[in-house]
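**Q** So Swiss-Prot lists the following for this protein:
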SIGNAL    1-35  signal peptide
DOMAIN    42-98  domain '4Fe-4S Mo/W bis-MGD-type'
BINDING   Cys49, Cys52, Cys56, Cys84  [4Fe-4S] cluster binding site
BINDING   Lys86, Gln153, Asn178, Cys182, 215-222, 246-250, 265-267, Met375, Gln379, Asn485, 511-512, Lys534, Asp561, 721-730, Asn805, Lys822  Mo-bis(molybdopterin guanine dinucleotide) binding site
BINDING   Trp797  substrate binding site
Amino acid sequence: MTISDSRRTFLKASAAAATASAAGIPLANGTAAEAQAISTGIRWDKAACRFCGTGCSVLVGTKEGRVVATQGDPDAPVNRGLNCIKGYFLSKIMYGEDRLTMPLLRKTNGVYDKNGTFEPVSWDEAFDVMAQKWKEALAKKGPTSVGMFGSGQWTVWEGYAAAKLMKAGFRSNNIDPNARHCMASAVVGFMRTFGIDEPMGCYDDFEHADTFVLWGSNMAEMHPILWSRLTDTRLTKPGSEVHVLSTYEHRSFELADNGMVFAPQTDLAILNYIANYIISTGRVNEDFMSKHVNITKTATDIGYGLRDEHALQQEAENPNSGKLEPISFDEYAASVAEYTVDKVSELSGVPAAQLEKLAEQYADPNRKVMSLWTMGFNQHTRGSWVNSLMYNVHLLVGKISEPGNSPFSLTGQPSACGTAREVGTFAHRLPADMVVMNDAHRALTEKKWNLPEGTIPAKPGFHAVLQHRKLKDGDLNAYWVQCNNNMQAAPNMNEEGYPGYRNPENFITVSDPYPTVTTMSADLILPTAMWVEKEGAYGNAERRTQFWRQQVKAPGEAKSDLWQLMEFSKRFTIEEVWGEELLAKMPEHRGKTMYDVLFANGKVDKYPLSETAEGFDNDESEHFGYYVQKGLFEEYAGFGRGKAHDLASFETYHQSRGLRWPVVDGQETLYRFREGYDPYVPEGEGVRFYGHSDGKAKIIYAPYEPAPEVPDAEFDLWLCTGRVLEHWHSGSMTRRVPELHRAYPAAVVYMHPEDAKARGLRRGQEINISTRRGDMLSRVETRGRNKVPQGLVFVPWFDEGQLINQLTLDATCPLSKETDFKKCACKVERA
């Protein structure tokens, strides 16, 4: 009797899996998954997690065209088989009952009407109306009248296609990602200090550090997998310590050896105190400083990123200035000398002994320190400053760019690094850290994209907060939102957000898988494929680029953001978007569409369908007739290769669990700027911060300056917003997972028991929380995971039934243009 091939394969794979399991050996070649697939009918394949910037890898199980299970990928170096609670329920995020499956257009009596009701339409009709509105705006006001708001959740090639469409096609820099709300201050900190973006260290530092310091980061809930690695080191490595700083006590404090609750905005003063402590105790690494660091100070009194007519902007001496001035070490030492332990303790509310204990961790030359931060630093009206102040401390002692010594900026979105930052989807950026303001950068980009000289505008476009202001003012008229829920996420929504969306001069398109606050404010809704319904790539917080295959098809007529971008480009001739002056420089483009010039250009369309993976769908490639993702990736990768942003070949990423760039000669880079790790550091130099032409990093002195809005007699509490473990961002995915919704069904206002008592409030009681911009009903919570100090309340923003961003202030860091969601004044009253 002959055993069938499938049966023989099953027996062989099962035996291998059993043997490996008994020995504790993971099977990297997929043999165990093969055995499980044969026995259950489930196919397993890898993908990057859809949620945060940690970049966990998961195994996706599909059966009969549906994702039926996910599990942690045991071969993934990031998460080593673990998931957080959100990751374990990934299989359910695509199957909410209200999934969008057809384009919806506001209509009355069968024609588009801004005040009409949503009706299903075909893709052709949707794009016909949308293209007409964009053409009308371009004809009337030019390229600055059109814009796009994108995402750190776009795949790498979606972000690249969007940036190319806007900057090369429509000649508008009015494209910005929602990463402006979360990572822009980190970017400015990197660029000013090092001349190049993204962390120099990697997750391996969690196993090498002696001390971990969290600044404005609740890793226990927001980066739980990384927290598990940190926790493992703390519990197994003798002498290791955890220090946590925040404006309220959260779950990360449970592991803290030194937990510090400080007054909002005073992190600026604390960091200057640490620098002063290092200098005054004689622990400056003078050799490192003399070889590798220049010292500067920044312009001060720079305003708060508010409208120009706002009183605080009018009063600023140097509004929006990022000017740096060289200073001597003695001048720097004198500047930080005023930040004594007594002064900073009084200002911040942190006991002096705790501040000294913290400062000693950095000063002690025998301790390796990993500093970690995220939104508490970045969503800050001095976010760019506070990022640089963090680097100042590490540079003073030379604790940087080596295992365990790592100032590490954590990211919140799965590809805020890989797409928003590296691709250049910000209003001022181009691929590989280039910027539109630089003539040489624009010229290089135009050459690579085969564009006439002068195609890309030299002036930065409208950033996220400015986009809302320009929509409201009627200067931005045709607007496309993809892969975010900005009407729930953006600040001061009532005054600056919603009016622009409903301005009768404007046409708003929103692409999303689900109905959201943003889609319901739009004129046209486009149904979007999500996660493994398309082939994708993300770049995580440690510079790791990861790919996945399309696993299942999107429901109904839903299409990926990439398909939408490329298909929409076919609706415009080059004559309609460029004009005669540019066309005269490249007459060979006459008569072509934007699609022909940007995508069917001999580069993007050079890889045949035969190169796509056998056994997997690839809907975009099948539609356009070539391997779209590979073409876009290889064209994009050409910007960074040889320029310290090297990416590996396309196929390499499908065969691996990701690589950390720069990838040179097939080798990833764990530590940048350090000889022996980074191929861009010449032999014999030891350390070279090559982002700056002189190879040196910058210490940037900046003082403490207060927040723009502080509690007073009427609005007597600080309002801080943020996230919780169970939900991600606006909850548009996680609230459709029944288990996650039940675990945390509604937002609450976390309040100190004494503050509640003083207002006659009890736990669970309905209250009204208000600011100068609006009010909202909620319920008071005086217990639970978040223990706030007196004078401050914390409110999560995931709940579309409680739009807390009606209340927040649209103040930003004037340099990064990132919103401060952590500090404004509010009051709480009985409802």
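Cβ from N, Cα, C; glycine included.
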**Q** Name the one residue among Lys86, Gly216, Glu221, Val724, Trp797 whose Cα is closest in three-dimensional space to that of Cys49 ([4Fe-4S] cluster binding site); these are the binding-site residues.
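**A** The smallest Cα gap between Cys49 ([4Fe-4S] cluster binding site) and any of the binding-site residues is with Lys86.
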**Q** To test your reading of the [4Fe-4S] cluster site: which residues beyond Cys49, Cys52, Cys56, Cys84, same chain only, put their Cβ within 8 Å of the Cβ centroid of those residues?
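**A** Near the [4Fe-4S] cluster site, beyond Cys49, Cys52, Cys56, Cys84, sit Phe51, Thr54, Gly55, Asn79, Asn83, Lys86, Gly87, Pro224, Ile225.
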**Q** Give the distance between the Cα atoms of Val724 (Mo-bis(molybdopterin guanine dinucleotide) binding site) and Trp797 (substrate binding site), rounded to the nearest whole Å.
**A** 9
**Q** Please give me the CB contact count at 10 A for Glu221 (Mo-bis(molybdopterin guanine dinucleotide) binding site), counting all chains in the structure.
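**A** Here the count is 20.
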**Q** Express the distance between the Cα positions of Gly216 (Mo-bis(molybdopterin guanine dinucleotide) binding site) and Trp797 (substrate binding site) as a whole number of Å.
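**A** Distance (Cα to Cα, whole Å): 17 Å.
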**Q** From the binding-site residues Cys56, Cys84, Lys86, Glu249, Met375, pick the residue whose C-alpha lies nearest to the C-alpha of the residue listed as 'substrate binding site'.
**A** Met375
**Q** From the Cα of Cys84 ([4Fe-4S] cluster binding site) across to the Cα of Glu249 (Mo-bis(molybdopterin guanine dinucleotide) binding site), what is the distance in angstrom?
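**A** Checking the Cα atoms of Glu249 (Mo-bis(molybdopterin guanine dinucleotide) binding site) and Cys84 ([4Fe-4S] cluster binding site) gives a distance of 21 Å.
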**Q** For Val724 (Mo-bis(molybdopterin guanine dinucleotide) binding site), name the DSSP secondary structure in the helix/strand/coil scheme.
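**A** Looking at the DSSP assignment, Val724 (Mo-bis(molybdopterin guanine dinucleotide) binding site) belongs to neither helix nor strand, so coil.
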**Q** Of all the binding-site residues given, namely Cys52, Cys56, Cys84, which is spatially nearest to Met375 (Mo-bis(molybdopterin guanine dinucleotide) binding site) at the Cα level?
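**A** If we rank Cys52, Cys56, Cys84 by Cα distance to Met375 (Mo-bis(molybdopterin guanine dinucleotide) binding site), first place goes to Cys52.
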**Q** Across the domain '4Fe-4S Mo/W bis-MGD-type' (42-98), what does the mean pLDDT come to, as a whole number?
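**A** Summarising the domain '4Fe-4S Mo/W bis-MGD-type' (42-98) by its mean pLDDT gives 97.
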